[in-house]
Amino acid sequence: MSPSTPLNSPKASRLQAQERWLAKFTWPWRITWGYLTFMLLLPLAAMLLKASTEGWDKFWEIATDPVALSTYDVTFVTSLIAALINGVFGTLLAWILVRYDFPFKRLMDAIIDLPFALPTAVAGLTLATVYSDNGWIGSLLAPLGIKVAFTRLGVGVAMVFISLPFVVRTVQPVLSEMEREIEEASWCLGASQWQTFWRVIFPPLMPAILTGVALGFARAVGEYGSTVIIASNIPFEDLIAPVLIFQRLEQYDYAGATTIGVVLLGISLLMLLVINLLQAWGRRYDEH
Amino acid sequence: MSTELKVETTTDRPKQQGEKVQANWVPTILIGVGVLYLGVVLLIPALNVFVQAFHKGVGPFFQNLTEPDFLHAVKLTLLLALIAVPINTIFGLCAAWAIARNQFPGKTFVLSLIDLPFSISPVVAGLMIVLLYGRNGWFGGWLQAHDINIVFAFPGMLLATAFVSMPFVAREVIPVLEEVGTDQEEAAKTLGANDWQIFWRVTVPNIRWGLLYGIILTNARAMGEFGAVSVVSGNIAGTTQSLPLFVEESYKQYQTEAAYSASVLLALLAVITLAIKEVIERRTQIKTKVM
């Protein structure tokens with residue numbers, strides 16, 4: 001606003017403001033919003049509107065039908081267990097990678113990102129082979145009566161595979177930035193190793209571990225490629241929600257597919273919110 | 001420092017000695033458990049891809065690689081990446097610049113919006129494209145009237161590929177841009193450089209490692225995407241079958257050999273991606289973040 005100009009009629013100033021606003025809206029902005037609208041917002045709107053045309057009763061009926069409920073059980077419970085397993089072992093891996101030296105450490109560190117880089121179809125194929133009854137690991141488990149491939153356990157193995165890097169990569173930087181003096185102080189004060197870990201190291205690490213678990217859970221819930229190959233995809237046994245969407249689409253049941261899709265989308269958005277809150281909690285530790 | 005140090009100081013000497021002994025084997029056990037876990041979950045399955053592909057020798061492997069369906073799948077995958085990667089790179093650079101260089105209300109919201117494709121299940125992404133461009137979709141009638149096929153054809157697969165690989169460049173470049181700051185760009189502006197010159201001569205050299213890593217990740221995801229592409233492709237061998245779809249289809253048809261031959265190519269893509277990531281981390285001394 002420049003009150004010095006004599007031509008400052010309300011109309012002119014409004015035009016000026018508009019121009020300034022447009023000038024702020026530079027080409028990068030236009031491309032960003034144009035692309036986001038076309039690629040993300042438009043498809044999202046199409047799906048939500050499609051779901052809303054069905055009506056709430058119909059939506060609820062499809063969303064809570066027994067087959068759908070069983071897929072939620074397999075998808076969410078198995079994802080959660082897989083993410084928690086990685087919460088324990090991922091923290092352990094981050095710990096040994098930051099604190100200890102041993103042969104092939106760099107290789108191990110690099111290989112942790114493999115699940116990001118390896119296409120999921122390949123992951124599913126190789127896990128199904130390794131854990132099948134005559135595979136490298138499956139043949140060791142078969143005599144014990146444990147079947148992995150084509151069971152819910154196999155779905156869990158695939159979910160563990162794809163969600164492993166999340167915990168390691170969120171805990172690792174927090175751990176390496178932690179000051180060792182605090183630990184040494186605690187040792188000097190006579191605390192045992194175990195006490196030092198639980199009372200000094202673990203609390204600031206907790207937000208990072210939980211963030212990693214939440215990220216891994218979110219990824220495992222949506223995972224399709226590796227799980228569809230290692231599972232037998234039988235309802236009430238190891239059918240996961242993404243595969244159910246796929247099957248409904250193949251039967252041209254768009255309402256059914258959309259309903260399950262909206263449920264999955266809702267869970268993803270909820271997880272995004274949880275992750276953002278967890279990260280904000282983690283940042284609070286930095287400031288002190 | 002507000003870290004609590006309320007630790008009991010009542011430990012006696014013999015116990016401390018016991019702990020010294022313990023301290024020697026604790027790392028060994030932890031490393032052992034870690035290596036074992038990584039081996040069972042990651043390393044053995046990864047090695048298995050190569051062993052399965054080559055266990056009958058190199059001959060059958062190369063024979064599989066000359067099949068027409070396979071070659072078409074490779075061509076299609078390369079074409080998808082060739083179009084999707086540049087588009088997403090341009091978008092990523094624009095988005096990164098707009099977000100890192102401007103302060104505005106709702107910045108966190110826009111950041112989450114850009115991350116959204118990562119949290120959405122690939123199958124849901126494919127479903128959204130079908131609902132928009134499919135026969136009963138929003139644009140379905142119009143597209144049919146004009147005889148344009150998107151779903152069950154190449155454009156749909158391209159949309160799916162671009163969707164799932166959308167955020168990588170932006171999220172790798174944003175932190176670098178924020179760290180570099182605007183000093184050099186402003187200096188260049190004072191010296192009379194135009195926007196384009198500033199971008200190519202000042203900004204790009206500063207962000208090149210982050211940008212490169214973002215492009216590599218975009219490419220890996222674009223070539224490896226299975227779920228979203230499989231929903232919209234119709235999966236017809238020789239027509240709309242990309243390499244990951246070829247892997248699944250061969251496996252389902254009990255042509256395990258062919259499936260593993262194709263897998264080796266995709267696994268090599270993963271190895272190259274990890275190697276480049278390692279090089280970038282050594283150069284920049286920065287560990288790339290997950291999310």
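Backbone N, Cα and C atoms are what each Cβ position is placed from, and that goes for glycine too.
According to TrEMBL:
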TRANSMEM  A:31-49  transmembrane segment
DOMAIN    A:72-275  domain 'ABC transmembrane type-1'
TRANSMEM  A:76-98  transmembrane segment
TRANSMEM  A:110-132  transmembrane segment
TRANSMEM  A:144-168  transmembrane segment
TRANSMEM  A:200-218  transmembrane segment
TRANSMEM  A:254-278  transmembrane segment
Dominant neighbour of the transmembrane segment (A:110-132) in A:31-49, A:76-98, A:144-168, A:200-218, A:254-278, by Cβ pairs under 8 Å: A:144-168
Residues of the parent chain within Cβ reach of the transmembrane segment (A:144-168), under 8 Å, 6 or more residues beyond its termini: 74, 78-79, 81-83, 85-87, 89-91, 93-94, 97, 112-116, 120, 123-124, 127-128, 131-133, 135, 137-138, 209, 212-213, 215-217, 219-220, 223, 226-227, 230-232, 237-238, 240
Stretch among A:31-49, A:200-218, A:254-278 sharing the most Cβ pairs under 8 Å with the transmembrane segment (A:76-98): A:200-218
